[in-house]
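Reviewing the structure listed below.
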Amino acid sequence: MEIKNYSSDLGFILLGLSSNPQLQKPLFAIFLIMYLVTVMGNLLIILVIHSDSRLHTPMYFFLSNLSFTDICFTTVIVPKMLANLLSETKAISFVGCLVQMYFFIACGNTDSYLLASMAIDRLVAICNPFHYDMVMNPRRCLLMLLGSCTISHLHSLLRVLLMSRLSFCASHVIKHFFCDTQPVLKLSCSDTSSSQIVVMTETLAVIATPFLCILFSYLRIIIAVLRIPSAAGKWKAFSTCGSHLTVVALFYGSIIYVYFRPLSMYSVVKDRVATVTYTVVTPMLNPFIYSLRNKDMKRGLRKLRDRIHS
C-alpha cells in the first residue's frame, strides 16, 4: 500500500487543552491573562535592568535575555492556542506546525543554556569573587549568550528536518495545544524507531549538558558556602541563588517528566499539564520570583517607579 503524506497537504488539527465546548471561553480568558502577565512582567524586568546602571552586571545581563527568550517562548505557542480556543477548525498547516516546533525548541533550549550561564555566574561570584570581573567579563558573557543561541537553533533545525521527512497518512489530529515532538511522532505512519532514538539521544545531549552544568555549579557552591564560618555569611551567599534555584526547579522538573521517557509512556492529559507548567506558568512566574526575592530588583523597581512619577 502506497504511503502518502496527507498531512503535508491538509495540515494538522490541534485538539487543544480540552474538547469540551463549555470550557473554551473560560480557558481563553485564563490563558489570555497569563500571556499578558508574562509579556508585561518580563518586559518590566528588561526595562528595570536596562534603566538601572547598578544592574548592568553579568547576572542581570543573562536575566534580561532570559526574560526576552521567555516572551518569545510563550508567543510561539499561546497566541495560536488562544485563536484555536475560539475557532471551530483548530487547524495548523504542516509548514506552520514545523515552524512552531522549530521556534519552540530553539527558545526552550536557549532558556536552558541561559539558566546554566546564570549558575556559572553564581559559581564564580561565590567561589572566586576576587577574579569575578576578570572571569565574567562582557566579552565572555556575550560569547556565552551567542553560544547558547547557536547550539539551540542548530538542535532545533536538526529536529525539524528529522520531522519533515516523516509521513503522516492516518489521523492528523494532534492531541495537544501545540506542535510538540512526541504527539506529532505518534501520528506518523513511518517507522519512527530510528527517529525516536535520534530525538532521545540529541535531546539528552542538549538538555542534559546545561542541567549537569547547573548541578555541578551548585554542588561547588554548597561546598564553598558550608566552609563559611558564620551563619549570616552562609545565608547571604545562599540568598543570591534562591530565585535562580526556584526557576530551575520549575523549568527542569516539568521538562524531565515530559521528555525523558519512552514514547509508549506518553500520556495526553498528564503531559499536557506538565507542558503548560514550563511553557506558560514558569515564564509567567519568573518576573515575580526574581522581583519579589531579589533586593537589587526591588530597588530597581522602586527607582523606575519614582522616575515615572517624577
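Here the Cβ of each residue, glycine as well, is placed from N, Cα and C on the backbone.
Listed in TrEMBL for this protein:
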TRANSMEM  27-48  transmembrane segment
DOMAIN    41-290  domain 'G-protein coupled receptors family 1 profile'
TRANSMEM  60-79  transmembrane segment
TRANSMEM  91-120  transmembrane segment
TRANSMEM  141-158  transmembrane segment
TRANSMEM  204-226  transmembrane segment
TRANSMEM  238-260  transmembrane segment
TRANSMEM  272-292  transmembrane segment
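At the 8 Å Cβ threshold, with sequence separation of at least 6, the transmembrane segment (272-292) lacks contact with the transmembrane segment (141-158), having fewer than 3 such pairs. Tertiary neighbourhood of the transmembrane segment (141-158): same-chain residues 58, 61-62, 65, 101-103, 105-110, 112-114, 117, 120, 202, 206, selected by CB-CB distance under 8 Å and a gap of 6+ residues from either end. Summarising model confidence by region, the domain 'G-protein coupled receptors family 1 profile' (41-290) averages a pLDDT of 85. With a cut-off of 8 Å between Cβ atoms, the residues of this chain six or more beyond the transmembrane segment (91-120) that come close are 7-14, 59, 62-63, 65-66, 69-70, 72-73, 76-77, 80, 141, 144-145, 147-149, 151-153, 155-157, 159-160, 163-164, 174, 178-181, 184, 206-207, 209-211, 213-214, 217-218, 244, 247-248, 251-252, 255, 278-279.
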